[in-house]
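As structure tokens, the structure follows; a few thoughts come after it.
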Amino acid sequence: MIPAMDFHLLRSSTGFSAIRFFPRYPSPSPLRGRLFIKAKYHRELEAAVEAVERACRLCVDVNSLKNLNLTSCSLAIALVQRSLFSVEGRIIEKKDQTPVTVADFGVQALISLELSKSFPSIPLVAEEDSGFLRSNNLVDPVVTAVSDQMSFNKKSLSHDDVLEAIDRGGKNAFAMGTKPATYWILDPIDGTRGFVKGSQALYVVGLSLVVEGEIVLGVMGCPNWVVDATYKSTTHAQSYRNSSPGLGIIMVAHVGCGTWKKRLKNMLDSSTKISSDWTRCFVDGFCLVSDARFCIPESQTWESLPLSVLYKARIDDDNVGDKEICLLSAFCGSLCKYLMVASGQASVFILQARSEKLIKVWDHAVGMICVHEAGGKVTDWKGRELDLAADKVERRIVYPEGGILVTNGKIHNEILEMISSISSA
């Protein structure tokens with residue numbers, strides 16, 4: 001296991017990245033010029049960071065178009081705008097009633113193309129496939145969006161190129177078999193309901209790498225995140241919309257090297273200088289359940305969870321009373337909640353498994369390593385680690401018993417004991 005390191009991602013004049021892990025010293029002084037040690041999967045991490053940054057830029061570009069006057073747009077821009085909503089102005093939904101946009105498909109195609117350039121033999125497990133894209137006539141705007149963000153010169157990116165790239169991560173792309181496998185896991189946009197609201201909510205582009213059954217690295221990009229802000233609610237996050245530049249972070253984790261974050265490049269204002277320094281992320285230090293800050297899925301209520309027997313929830317209120325807990329307002333998507341725990345903004349994310357809703361691996365994989373490397377813990381409600389190989393052929397579904405518990409680690413066992421005792425009673 002690689003010891004804790006200080007993490008720097010440096011860009012050379014040629015545009016390539018160099019990831020450097022410096023042995024951690026107690027001195028807070030800069031560590032420039034010291035001999036660096038490369039992490040085991042440094043090449044994969046470099047590629048993942050670059051791909052997620054480009055994907056976030058694609059999301060910002062697509063989202064910035066939807067408020068334009070349709071009559072003043074070029075055909076390509078008009079197609080991009082139309083793809084965010086149906087002709088009647090309604091959000092386009094898939095069969096499971098979840099929303100989808102051109103950015104979902106564009107991100108999947110872009111990241112698939114970028115990763116296959118450097119790692120053609122590593123398969124991709126991702127959320128989308130091209131069937132929905134074809135049937136809703138959205139191929140043109142996806143090609144346009146992807147072409148604008150490619151890192152390599154591919155002037156004649158065709159429909160087939162994009163459709164094949166999307167389907168590289170689709171359900172029928174390959175069969176894993178029962179042995180430990182190596183593959184990428186991608187959630188192109190976790191929290192699409194937030195994405196279609198523009199800057200009014202948070203969403204995450206999440207990418208992780210599994211090597212022989214173990215998650216070894218993860219990268220999350222959140223374009224609307226406000227750096228160093230303590231979120232008490234979605235409304236609180238929105239209030240920072242017009243603050244000084246600093247919206248957006250990218251968070252990375254590498255097994256044995258910790259979790260780190262830095263500001264995303266300002267994607268709409270190239271004149272703004274953004275620091276390339278990475279800072280270490282740690283979970284919060286709360287040791288009492290009553291002091292903890294909880295996140296739950298937006299589709300579930302506190303009253304539906306076992307802990308509601310012991311604690312009432314106070315929304316966005318730090319001044320909780322006896323037998324009460326602080327419940328943060330819902331943020332769209334699961335990965336944002338993992339990001340909250342990994343960055344110390346929340347203490348607990350708890351999700352109850354439901355028979356009518358499958359739990360998809362891309363909603364959790366990258367968040368798991370970010371929380372683990374930040375000092376937290378992720379298990380099911382029985383205290384077992386999530387089995388990424390439970391879906392033996394496709395690796396697309398996990399089956400946690402009871403649900404998923406994500407914590408700062410300090411109160412994990414206590415919450416498990418509460419859940420167990422309440423369930424037994």
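Cβ atoms are placed via backbone N, Cα and C, with glycine included.
What TrEMBL says about this protein:
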BINDING   GLU127, ASP187, ILE189, ASP190, ASP363  Mg(2+) binding site
For GLU127 (Mg(2+) binding site): intrachain residues, at least 6 apart, with Cβ closer than 8 Å: ASP104, GLN108, GLY169, LEU186, ASP187, PRO188, LYS360, TRP362
All-chain count of other Cβ atoms within 10 Å of ASP187 (Mg(2+) binding site): 32
Number of other Cβ atoms within 10 Å of the Cβ of ASP190 (Mg(2+) binding site) across all protein chains: 31
ASP363 (Mg(2+) binding site), number of other Cβ atoms within 10 Å: 24
Proximal but sequence-remote residues of the same chain as ILE189 (Mg(2+) binding site) (Cβ under 8 Å, at least 6 apart): CYS59, THR101, ALA103, ASP104, VAL107, PHE195, TYR203, VAL204, VAL205
